[in-house]
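**Q** Dropping a structure here in structure tokens format, bear with me for questions.
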Amino acid sequence: MLLSCCVLVLLLPCPCSPAPTSTPQDESTSAAEPQDYLQRYYHLERDPLGRMKRSGASFTSKVKDMQIFFGLNATGILDSDTLGVMGSPRCGVPDVEEYSHIQGTRWKRNVITYRYTRDLTRSTVDSLIDSAFSVWARASGLTFVRLHGRNADIMVEFVTFVHGDLYPFDGPRGTLAHAFGPGLGVGGDTHFDDDERWTAGDAGFNLRVVAAHEFGHALGLKHSKNPESLMFPNYRTNRPANLLSREDIANIRALYSKYPVRVQLTPWLPGSLFPRLMQDRCAPDMTFDAVTTVGDATFFFRERYFDRCLHYDIKEGPISNFMPKIETSIHAAFWIPLFICSFTLFVESMFWTVKGSLVKGKPRALTHFGFPAWVQDVDAAVHIVKTARTLFFMHDIYWSYNENRKVMDFGYPKYISEDFPGINTTVNAAFHKEGFIYFFVGPQVYKFDYTQKHVVGVETANSWLGCSNTV
């Protein structure tokens, strides 16, 4: 079932769907790897060498946090009850989140649109999705309007595994769905794992129940520790007909009834650069600060905003909506395909490792890569899979970093123009794809054949965002 739908909702990715105390399927399932579970849902950090912490105070503390959340005996020990909860099908949104309704993340209007693509034709699916929205409409006073043929606030899709948002699905069971909280660009988007068995009853996973849970995230709600709440992270089948608990109703009303409802024709905040950046998207002198691929998607960063291009579908929004800990412009970025949904972002003399929308740990200094102390910034970075090298560009020189040995290659830095003939000035951004390095230099992009070592084409930077300007 390859389906797609849109609705108006929040921006933070909430990979979510509830998981049952009594599972809806009879097949036995092994518990999820505890360290992976705690990293994804409770922000357990890896050690400085990138290894997962399987023991120690931090690991024990996260186990206790998880046990407290689910009302288990908080021993810090991975007993059978704890492993059983970890192995249950659930929502993909972390239980410890970067946002909540208390922080005021909400839609600024009371008419919220959603849309199905033309692929979604089955009346049963239409009815269940509509019913899931109705659950929140009755409690909040919000109005959900289905659109046909144009963008809506909430885009709903049925997808599998890696699907362009840094939150890959895992096949049957496990993570059932996830959603982004209210905001620009991908805000409100809600994704369902198409490998699950979606049904209208108790067999498989009830689409109405899971959709209503995810739409709660899309409206700005976080997970609840209350097993009776629809926003409890694990999937449960014994839900009341109206799905919502008193807690759910109180939380959605606190979020949308606390403030006077006002119609807002544009989601842009006062003083935001976003309207100007969108108007300037096709300006002939438009350029990017950083570019990187992550899976099938390509991310373009400029000032404090980004565009994500996936199969000719382009979405945009503030960087802080997608990665809450980063509120500044990105100077360089690269992705190593070995690490499916992790990538590295650089801001001046520091860098972050990002997985999904989670910024892992504190920023680290460039000296971690072996740069001399006088290097305080990099202009661009790109990883070459074939050589296992990451190249860093600064002004008219570049370095080569051996990802296997974790050291800089001998003899660097070198002049860019010597090893990349035709690239004779500062590189703003770069990424590698299908044997070519794309160098962004001002408003132009040079397509460089990395094997033959020469430029094979030049185009405008904004052509990557669908603009028709030519060089």
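Even glycines carry a Cβ here, placed using N, Cα and C.
Caution: TrEMBL annotation is automatic and unverified by curators.
So TrEMBL lists the following for this protein:
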| type | residues | note |
| --- | --- | --- |
| SIGNAL | 1-18 | signal peptide |
| BINDING | C91, H213, H217, H223, M231 | Zn(2+) 2 binding site |
| BINDING | D119, D194, E196 | Ca(2+) 1 binding site |
| BINDING | D170, G171, D193, E196 | Ca(2+) 3 binding site |
| DISULFID | C282-C467 | disulfide bond |
| TRANSMEM | 332-354 | transmembrane segment |
| REPEAT | 375-423 | repeat 'Hemopexin' |
| REPEAT | 424-467 | repeat 'Hemopexin' |
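Help me picture these features in the structure, burial and contacts included.
**A** Cβ neighbour count for D194 (Ca(2+) 1 binding site): 16 (other Cβ atoms within 10 Å of its Cβ, all protein chains included).
Over all protein chains present, the Cβ of D193 (Ca(2+) 3 binding site) has 28 other Cβ atoms lying within 10 Å.
All protein chains included, C467 (disulfide bond) registers 15 other Cβ atoms within 10 Å of its own Cβ.
Note on the transmembrane segment (332-354): residues 162, 166-168, 290-295, 299, 301, 323, 325-326, 360-361, 363-366, 368, 375-383, 385, 390, 392, 403, 429, 431 of its chain, located 6 or more positions outside it, place their CB under 8 angstroms from a CB of the stretch.
The average pLDDT for the repeat 'Hemopexin' (375-423) in the predicted structure is 92.
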**Q** On a count of neighbouring CB atoms within 10 A, which of the recorded positions M231, C282 is highest?
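**A** Per the Cβ count within 10 Å, the most buried is M231.
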**Q** Which residues, same chain and not among D170, G171, D193, E196, have a CB within 8 angstroms of the centroid of the CB atoms at the recorded Ca(2+) 3 site?
**A** T160, F161, F169, P172, R173, G174, T175, L176, D194, D195
**Q** Which one is it: of the binding-site residues D170, H217, M231, whose Cα lies the shortest distance from the Cα of E196 (Ca(2+) 1 binding site)?
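**A** Result: the closest of the binding-site residues to E196 (Ca(2+) 1 binding site) is D170.
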**Q** Using DSSP, what is the helix/strand/coil residue split across the repeat 'Hemopexin' (375-423)?
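**A** For that range the per-state counts are 4 helix, 21 strand, 24 coil.
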**Q** Measuring C-alpha to C-alpha, could you say which of the recorded positions D170, G171, D193, C282, C467 are within 10 Å of H213 (Zn(2+) 2 binding site)?
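**A** Correct set: empty; none qualify.
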